[in-house]
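Straight from Swiss-Prot, the features:
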TRANSIT   1-57  transit peptide
BINDING   H289, D327, L328, D355, G356, N387  S-adenosyl-L-methionine binding site
REGION    478-509  region 'Disordered'
Amino acid sequence: MVLWILWRPFGFSRRLLKLERHSITESKSLIPLAWTSLTQTLSESPGIFLLGQRKRFSTMPEIETHERDSELFSPPSDVRGMTKLDRTAFKKTVNIPVLKVRKEIVSRLMRSLRRAALQRPGIKRVIEDPEDKESRLILLDPYKIFTHDSFEKAELSVLEQLNVSPQISKYNLELTYENFKSEEILRAVLPEGQDVTSGFSRVGHIAHLNLRDHQLPFKQLIGQVMIDKNPGITSAVNKINNIDNMYRNFHMEVLSGEQNMMTKVRENKYTYEFDFSKVYWNPRLSTEHSRITELLKAGDVLFDVFAGVGPFAIPVAKKNCTVFANDLNPESHKWLLHNCKLNKVDQKVKIFNLDGKDFLQGPVKEELIQLLSLSKERKPSVHIVMNLPAKAIEFLSAFKWLLDGQPCSNEFLPIVHCYSFSKDANPAKDVRQRAGAVLGISLEACSSVHLVRNVAPNKEMLCITFQIPAAVLYKNQTKNPENHEDPPLKRQRTAEAFSDEKTQIASNT
């Protein structure tokens, strides 16, 4: 039984107070007698007026405990197992705290109640009072505010200054599909205990998901939820195989939305256009693209062996570097040409459509012969990027004895940035050993390894950076007249070395 009394505290506002919650075990015949006795006692007390007994008081509720309903903003339980999205099934009414205020002070008050106000998708934090046109109701966060004592000291001070009672009332708020977050919807729909897909890679208007087997029965619903809950997304696709073909693109299925895969993305100030279904693009590599770009300075030369649509080549060309970019995929080659023109670097980038090995042993070899024969004052720094993590290490064999004649000074030897995946417990050591095995040398003392990102559990993407040793690059070595004594191999100058145990992690967006 709940007993309510109205108490007028000194000089502020009226309050409803619950005296105590009683568990009645006596005979029902005793209840009226006890009630009558308590009524007489309270009526004699000054300043206290008895209102009556209620099981629930809708406008000024009983003081609540600090126990919170963790499922308050969860969708209805009967949506569990839904495979075809029915938005109407997500309607739900919840009881939340509100604060009644005069409409003319709402703007001033809301600046001070940001912490306490309810924040839910599609829900206004201030609504009209259905019983008073001159008042407004501020919806409060039920996980933060459950009695007037839940307000912070600063908030109470503002309320008092504006002559607003901190008395909390309840309001029945109707929630719909629009008011739930994507993660809340998917958690309610998928079987309990299963992983929920709430993240994806955004490629222009396309949401690219990698669904797991247990999520496939819900794939159409998941795709539609991603479109509904992410402004600008009009198509959701799922990768249905690994990137294992010669062109580095993957087969995908459209889960929901439009079939159009022609898209435009902006990365690090540059714009790229392409058909996402026919080329490779990974938005999670934007930080890595910037990292490599920062290593080059004006006048340097870049050979991009697996250039894709240009995320390395174009930013580097913008730094007034000379770029030679290659990709075997005819679609990537087409969009690389297009994007170079789009970003106004087409005069600084020479583009090829060759196999990576043919590119290295053809155009790269020819250019290196010219570049490395220049005088010391004119020699640029030469970088070779090989971003094909599944196979790039295999292409390192193309550097063995690539050049004839007299080696250049060690400081001008080309710098290679080669990407690879590793599932080894020590991925940096693994990549060094595999790259060294292909080249026929040890790279332990003359390379650095950068951890690019975690691809999957126990699978890392890394970049090993090193200068190609003269013993590898040149077929017939003779004494270099510029160097009376060839110094031992050293770590290359432009990439930061680190220990195998403390691999630096680059965060990607």
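Including glycine, each Cβ sits where the backbone N, Cα and C put it.
On the structure: features taken from Swiss-Prot.
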residue: H289; record: S-adenosyl-L-methionine binding site; CB count, 10 Å: 23
residue: D327; record: S-adenosyl-L-methionine binding site; CB count, 10 Å: 31
residue: L328; record: S-adenosyl-L-methionine binding site; CB count, 10 Å: 20
residue: D355; record: S-adenosyl-L-methionine binding site; CB count, 10 Å: 16
residue: G356; record: S-adenosyl-L-methionine binding site; CB count, 10 Å: 20
residue: N387; record: S-adenosyl-L-methionine binding site; CB count, 10 Å: 25
Three-state secondary structure, which DSSP defines for H289 (S-adenosyl-L-methionine binding site): helix
Site diameter for S-adenosyl-L-methionine, Å, by largest Cα distance between H289, D327, L328, D355, G356, N387: 22
